[in-house]
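Marked as transmembrane segment by TrEMBL: B:6-28, B:60-79, B:91-113, B:133-157, B:185-209, B:215-232, B:239-257, B:263-286.
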Amino acid sequence: MTALLELRDLHAGYGQTRVLHGIDLTVDAGGVTALLGANGAGKTTTLRAVCGMVRTTGEVTLAGERIDNRATEDIARRGVAHVPDGRGTFMELTVEENFKLGAYVRKDREVTSDFEQMFGYFPRLRQRWKQQAGTLSGGEQQMLAIARALLLRPRLLLLDEPSFGLAPLIVQDIFGILRQVREAQGVGILIVEQNANLALDFADRAYLLETGRIVVSGPAQEIREDEQIRRSYLGY
Amino acid sequence: MQGLAHQLVAGIATGGIYASVALALVMIYQSTHHLNFAQGEMATFSTYIALTLINVGLPYWIAFVLTILISFAMGVFIERVMLKPMHNASVLANVGVFIGLLLVFRNAMGWIFDYTIKAFPSPFESDHPLLGGLISGHELGSTAVTLGVLGIVYVFFRFTKLGLAMRAAAFNASSSRLVGIRVGWMLALGWGLAAAIGAIAGMMIAPVVFLEPNMMLGILLYAFAGALLGGIDNPGGAVIGGFAVGIIENLGGAYLVGTELKLTLALGIIICVLLVKPSGLFGRVVQSRV
Ligand SMILES: Nc1ncnc2c1ncn2[C@@H]1O[C@H](COP(=O)(O)OP(=O)(O)OP(=O)(O)O)[C@@H](O)[C@H]1O
Ligand SMILES: [Mg+2]
């Protein structure tokens, strides 16, 4: 397997505050990597570092090309789609306009057929087509955020707590769709989740972050089955 | 009756100017949350450029189009050179830049074109009034031009991909970057468009009020009032507000308080509206579920 995303000795922070202290992490092409850790560990910051939303030192490599300290919009144009915490949809605009913006940088002619594909994944979005995104339910907004990200036709999808604030049934739905997406599109995924069980079930690789350092890493299945790790870090 | 109709038509004609300038103000306000105090001076400067081009012998409409293009480039340039470094600066620092910009333009105009009042030609026949004295040729023509501009701007923002990207960048810069929109350039384009719209307003009003460095001062006040009335964060509202101010000004000036107090009347009405609806008549109340 070749690496799609590689972080090497990645440091990041906000102003004077250092948050990440040298992170090494890999997402395989078409693979799913889970990033776990307590509140404030630096998970969101890691995703922001990948897409150039915070200043970093160290290496970020996407399919062999260094992308660290490039502008966020250039990283997006290289096929990195980010569903940030807080979702990153355009609340004031309609579902239709959010779709169009998701595909903003694409020049190919398959955009409309991809819209149909998104309706296949998320039929409720078709009914909300002309509605302002801010008026959607929380679950619908998360669906829209994922659809918006997929419409970039990304090579790498960054997901920040996609289950946050959603009812268990909707969470199941969304993870079911993420599995389909992974199969159908071969997109690599880096997912941050509070729900460790859910994430480890979905991922093939996992990392555990503690105050800006990786403390455990390995195949997701091994971590899931390791009593010791579960008790001391994941708390269940 | 004839008099009333005439005042109404004249109100719509000046209202179109206010609406254009209000739109220019709102376009920049929406994406930066700053008011460009120099918008009026930029428009006046553009009008001087038009006059210079006409004086060197270019036909009116060629000078008109060239002025729009030059003003657009000037707006883009100002944003890239003077305001881009200010994106993370404080509100006061930004206000400082706008005031600086205003002074630079005002002094440059005085120095290059001198402070004397100049006549500016109208491309429309204005010798004999049309429709039985209801409207002058220039009023009709300039109303058509401003309505055309507002229509084109509406179609651009509503139906084109670039227009959508500019709106997205104004609403939510960080999400826009995540879909690959070059937000900085969208801001610069917004400045270019605002400068171009201001230039058209300047060229349309100059035959009526004559050209001098302070030409747009009063107009900027009315336009600002219109923008506040309609909703400073709503382009459509600002346009309607601009027209409303033009009509109120003309009717009030003719029938209620006389020309000396018409500005006071317009501002009084606006203050009353804002007391009742602080975000303006059409101010955006973002619908969102938290
Ligand atoms: N914009 C910011 N400015 C300053 N400090 C920040 C900012 N965002 C996060 N931090 C700090 O960085 C640290 C890591 O935050 P981060 O959001 O990456 O954590 P997280 O692992 O995603 O936590 P959570 O599970 O609560 O989302 C925290 O101490 C936080 O206070
Ligand atoms: Mg987080």
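Going from the start of the chain as shown, residues are counted 1 onward.
Just so you know, glycine gets a Cβ as well, placed from its N, Cα and C.
Each of B:133-157, B:185-209, B:263-286 was scored by its Cβ pairs under 8 Å to the transmembrane segment (B:215-232), and the highest score goes to B:263-286. Counting Cβ pairs under 8 Å that are 6 or more residues apart, the transmembrane segment (B:6-28) and the transmembrane segment (B:263-286) reach fewer than 3 and are not in contact. Three or more CB pairs closer than 8 A are found between the transmembrane segment (B:185-209) and the transmembrane segment (B:133-157), so contact between the two stretches is assigned (pairs 6 or more residues apart). Where the transmembrane segment (B:263-286) meets the stretches B:60-79, B:133-157, B:239-257, the count of C-beta pairs under 8 angstroms peaks at B:239-257.
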